[in-house]
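Here's what TrEMBL has on this protein:
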DOMAIN    140-266  domain 'Palmitoyltransferase DHHC'
REGION    1-27  region 'Disordered'
TRANSMEM  55-79  transmembrane segment
TRANSMEM  85-103  transmembrane segment
TRANSMEM  183-208  transmembrane segment
TRANSMEM  220-242  transmembrane segment
Amino acid sequence: MKSPVHRCRDVEHGRGQAGTRSGSNCLQPEQRIPIAKDVITSSSSSAMWFIRDTCGIMCSIITWLLVFYAEFVVLFVMLLPSKNLSYSITNGILFNTLAFLALTSHLRAMCTDPGAVPKGNATKEYIESLQLKPGQVVYKCPKCCSIKPDRAHHCSVCKRCIRKMDHHCPWVNNCVGENNQKYFVLFTMYIALISLHTLLMVVFHFLYCFEDDWTKCSSFSPPATIILLILLCFEGLLFLIFTSVMFGTQVHSICTDETGIEQLKKEERRWAKKTKWMNMRAVFGHQFSLMWFSPFSTPDHGKAETYQYVV
């Protein structure tokens, strides 16, 4: 009797008889089994993760430069020249705290393994070592030759299958997936807050300069001050709109437990339905606390949970 390893077809791509090339070690298209989460977790999940994509790297650099520009204008154009010391200290601490949390969240979203499936592990030897029972099958991704768990999708930029992949974001130079969605949500939230705070300070500073002499409300010349403030106002407005929409979209995806790709493809729901609160806890942590809002806290994504598949 043949081993279950030889019972294979490609459910995702419909290749019922596609075989491997001569000398190839990769499994024939589709095989599928219920796999524990630790089996499909990338061996590099604890190591530094960085995508060498030129577009993504440039977008990430631009993001940091825009935050540094806002920092420069807020400090040297609005706060330091202000005569109200308490106003400058309060807003300076608030702005820098939000900027620090935003950039930290961005760094963690960029350098955290989003949930990559081990590349090239769909070999006959590896499947045989799993000791499959008769009738058990697994998915195999023909692009990266890996065992593909349910709700995973292949990213052409990362060149890997990503668990619960929502989308690939060039602004963080990474996929938004199971392991880094929290940091991406925090990044969009803190950028939206810092943008709102900046816009309020720009409005107050304009009013202050109109009431007072323009030569005294800034250490820069009046034309330079106006140009710097207008550019900061446009930046803050654009970032506020973009990140607010993205933040709302991500929270909605988390509450409905449906990723952006799944919504776009209108994929059939094959996973257990949970409450909104359970879905939030699965992304941010099992107990609600201030750690939910900290980019330094690593949430527990349910490592003991197993992926249940429909055969």
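These residue numbers are counts, starting from 1, taken along the chain as shown.
Cβ coordinates are placed from backbone N, Cα and C, and glycine is handled just like the others.
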Distant-in-sequence neighbours of the transmembrane segment (85-103), which means Cβ under 8 A and at least six residues beyond its ends: 64, 67, 70-71, 74-75, 79, 186-187, 190-191, 193-194, 197-198, 201, 293, 295
Residues of the parent chain within Cβ reach of the transmembrane segment (220-242), under 8 Å, 6 or more residues beyond its termini: 66, 69-70, 73-74, 76-78, 191-192, 195-196, 198-199, 202, 205-206, 209, 214
Integer mean pLDDT for the domain 'Palmitoyltransferase DHHC' (140-266): 91
Secondary structure content, the domain 'Palmitoyltransferase DHHC' (140-266) (per DSSP, counts of residues): 72 helix, 19 strand, 36 coil
